Amino acid sequence: MNQHIPTLPPADADGSPAPVTPVNARRGTPVWKQLLLCIVVLGLAFAGWYWFYPGAPQMLAQNGIVLPIAPPAATTAETPAARGPGQAGPGAGAAGGPPGGGRGGFARATPVVVVQPVGVATINDRLSAVGEGTAARSVSVVTPVAGTLTTLAVAPGEVVSAGTLIAELDSESEQVALDRAQLALREAEAALTRSQELRNANAVSVVQLSAAQLAADQARLEVRNAELALERRSIRSPIAGTVGLIQVSQGNLVAAQTAVTTVEDNATIRLDFWVPERYSGAIAIGQPVSVSSVALPGQTFSGVVRAIDNRIDTTSRTLQVQASIDNPDRRIRPGMSLSVTLDFPGDTYTMVDPLSLQWSAEGAYVWTYAEGVVNRASVEIVERNSNGVLVIGEIAEGQQVVTEGVLQLQPGASVRLLDDLAAGAPARPAARS
């Protein structure tokens, strides 16, 4: 049976075996060649993308890269023969000579775009805030003196006028005191009358007549004091308004200054709300406001600004404002959360479609269209909303801006409108570079 005998590599002069070179290392491509090949492939790929992709120059320009060689926007296979007799294409030689002006005899196609007019929009023209409504006047009706509550003359929710009886306390002792004072007054007045008659007959002195006059005056004061004590047993509303909940029950012994109910004049509602500091110079006394409430859907109330605070709150940077709202049918209840809206002149800006905005190293810009030619106009974005983008720049209301087909555009280039193509309009000549 044959056995394989390994062959040792030849030894060096000193007797040590010579190093073995790997087979892969002897047969592989050098690393520098591999790197060079990769660079060439990437360069060719970039050149092909830049030359044949329509939006490549614009994409590089947006990143601040501008190459000295600009490729054609697009090529077509249209030839003079395809156009027919007498319709030589752009750059074609006379009498069917070789075409010129484009690479390989191809003509540059005119880009097709979609445009939209520039509009206008106003911002900062309306302020919405939330405030709390309170009654124009609110009075807590209390018992001026202690006593037993004998009568409740009103019910919650009842509309009363000023002076309407709300409740009564027991008043028997006060009535007796008034009767006694009135009796004393009659006696004093009778004594004064006798003294005056006697004085006319020189039967009494002047001093006696003065004493009788003083006694009569004192009796009148006692009657007035008794009448006031009796009046305090009747509790009346000091203002016109709506009666709130009754806080006591008939028959209770109540102390002085016990709250019976609350009467609120809600025919007029006072609305307190706060506005941002930037509106402090725009709000004025008498300015109309519009008010609504979630509790009263579909209903709007009108009012006016009645008072403005004299300082800005340093914590919230807001200004307190008070408005009054007519509420004759009392649909708005005091304490309601109310939404208030104020209108201002506002600031007007041009508005464009978001699709028209493009970006470059210098900032935002749009393509403007006029008479078949597009040009670039720089803009500055002010605000975005659901209707469009508000901008400041080199555009005006009614001017046309490109919203579709922007990648193939160059300043001063001729374009065609998509609407014109649909209508069969003749093509405009392409711009010469």
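Quick reminder: no glycine exception, Cβ is built from N, Cα and C everywhere.
Unlike curated entries, TrEMBL annotations are predicted automatically.
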Fill in the blank from the handout: Students should find that the region 'Disordered' stretch in TrEMBL, chosen from 1-22, 331-352, is 1-22
Completion exercise
Between the ranges 112-170, 171-229, TrEMBL assigns coiled coil to 171-229
Completion exercise
The mean pLDDT across the domain 'Multidrug resistance protein MdtA-like barrel-sandwich hybrid' (137-260) is 91
Completion exercise
Residues in the domain 'Multidrug resistance protein MdtA-like barrel-sandwich hybrid' (137-260) per DSSP class, helix first, strand next, coil last, are 55 helix, 29 strand, 40 coil
